């Protein structure tokens, strides 16, 4: 089922939670709505579900305008962060609940509801637990039951609101792999909300990065990580280091130093340089590079994280270097980013012409 959000605006007591949001979700896609608190991601999910109605704009399920239709009319499955299972019902009864409460003409028989519940328990790898109650399950098992319940009604769209947020890190990691496998088996159009970038990048076919009620970027995990189109996306997805620089005649300057990066297609003026701390090339010395004084160094797994003062001690950045590097305090380190992006100073939406990787 294709879902299309067209020019949607949502206000709560005149507070704009979404600003003119448009998005097309292809049939069978697994989409992540990713952003910090207050970005509008949960509001967008609730609008797709029918739990909220848009102030302006329309929401289509296929060619059908679903903007004013209820959750039941849209036939969506919804999975909440805290499971929302009925404590007094067995696992099988929880899964079959959505089918049991259907109107008489569309309600399956008791035997069919049980068959469907057992079938889904097998799919979510919980066979044999149908007679247990939610209190007798682990958090990960409860979330699997919640997903099975959402799928029992054979929804046109499956929606998940931070489904793993209440679980510990190891369980979340296991359930991410499991959810991707379930999606590939069933082919549901699936939208999930998360603030966890690792979760979004690992699970989704495409990631919708949101900030302050707007969509900043939509792309594959590789696209939003490798080609972020705004300072916000660069800073939010993965780790980043940034320096205020100046562009003059196609060259990039930090304070009074030409740092050896070309910006031929960018107009002269102030800019912001972004790069990943691990994507740097260490240099023995250079006439055009970034050089700094070590003010802190710490071991982090197989690497070493180093904090440097650069630009005449006016700026501080972090880079990641091999663990065996001594990086003594007050020593000098020279480096150049391998991959980097320039944004015009003060530009929060669109990138300046982007430089290629250095060599």
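Including glycine, each Cβ sits where the backbone N, Cα and C put it.
As annotated by Swiss-Prot, ATP binding site applies to 35, 36, 37, 38, 39, 40, 41, 42, with the evidence given as sequence analysis. Neighbours of residue 36 (ATP binding site), defined as other CB atoms within 10 A of its CB across all chains, total 12. Secondary structure from DSSP puts residue 36 (ATP binding site) in coil.
As annotated by Swiss-Prot, domain 'ABC transporter' applies to 3-237, with the evidence given as sequence analysis.
Of all the binding-site residues listed here (37, 39, 42), the one with the fewest other CB atoms within 10 A of its own CB is 37. The record gives 35, 36, 37, 38, 39, 40, 41, 42 for ATP. Within 8 Å of the mean position of their Cβ atoms, the other Cβ atoms in that chain belong to 195, 210, 211.
DSSP assigns residue 41 (ATP binding site) to a helix in the three-state reduction. With respect to Cβ neighbours within 10 Å, the binding-site residues 35, 38, 40 differ, and 38 shows the lowest count.
The Cβ of residue 41 (ATP binding site) has 33, 34, 35, 193, 195, 208, 210 as same-chain neighbours under 8 Å, each 6 or more residues away in sequence.
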